[in-house]
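Heads up, the thing below is written out as structure tokens.
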Amino acid sequence: MDSYQEEEPVASTSGLQDLQTLSELVGPENAGEGDLVIAEEPEENPRRPRRYTKRDVKCVSYHAYKELEDKHPHHIKLQDWIPKPEEMSKSICKRLILCGLYSGEKAREILKKPFTVSWEQSETNPDCFIVSYTCIFCDAVIHDPMPVVWDSEVEIWVKYKPLRGIVGSAVFIMEKHQKNCSLVKPSTSCPEGPKPRRRHDPVLRCDMFEKHHKPRPKRSRKRSIDHESCASSGDTVANESGPLCTNTFWTPGPVLQGLLGESSNLPDLEVHMSGGPFWKEVYGDSILGPPSGSGEHSVL
């Protein structure tokens, strides 16, 4: 917000109810019947214009609050006071609402877009507020599909229902509108022009989704192991010694005989091609058949 623009005051004393009187805080010179005026601080930069509110009362700065805390340490701390929505400025309330509806990155993205953010109380549910985004070029209005609620227990803005993934997001609609925006505001002389399509009430829409929507079953992260197809799962075939292939055509013996004929090192080649002597000795299993040893290592 521009520092030269006027800002609505945070004119509330709900957090100071434990104090005796306001005249004790600001001094007897300001305890009159008129509006409360806090003494102005000396201006460091005389060129900077003063910031006045609509009531011509200067906004209370952090330093003024700090002085009051130092003078009255036994009272409640003003920095611990959390303002309610009606006590917030519009800019602060807008940012807190967007952070309640979206993440911080999405809220920053919305604030950078050429839309003005506003909200109004829902006629269906007085506790809910409908957030609207108005294009600054063509005055098109986009309603957020998720209402926002003020949680008085924790004093923060929250979503009406945990259904953001179902009802959708307004960010995608705003991006789509930016690409197709006509950049021309509707003419006031032709009120018979096209009107925006009526949207469903976001509160009723969220209630309908919550009532009729059935969530999908979540997938398990761990893969289920099929014990019947696993060779090391207690299957008796895995513990039996013998040839791994019953088809004699794929055994190395006939293949080597066709290539080398009768050779002196044919048995050694068969052993190496079937897994080697180490495999035969330790696992007691090869494609040549049952081992010729004592069988102590025939079973894992």
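Any Cβ shown, glycine's included, is placed from N, Cα and C.
So that you can see what the record holds, here are the features copied from Swiss-Prot:
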REGION    1-20  region 'Disordered'
COMPBIAS  11-20  compositional bias 'Polar residues'
REGION    26-50  region 'Disordered'
DNA_BIND  89-200  DNA-binding region
REGION    185-237  region 'Disordered'
COMPBIAS  201-210  compositional bias 'Basic and acidic residues'
MOTIF     214-223  motif 'Nuclear localization signal'
REGION    224-300  region 'Transactivation domain'
Kindly report the helix/strand/coil residue split of the DNA-binding region (89-200) according to DSSP, in that order.
36 helix, 26 strand, 50 coil
Residues of the same chain, at least six outside the compositional bias 'Basic and acidic residues' (201-210), with any C-beta under 8 angstroms of its C-beta?
122-125, 128, 130, 143-147, 160-161, 163, 166-167
Average the pLDDT scores across the motif 'Nuclear localization signal' (214-223) and report the rounded value.
70
Please work out the helix, strand and coil residue numbers for the compositional bias 'Basic and acidic residues' (201-210) from the DSSP assignment.
9 helix, 0 strand, 1 coil
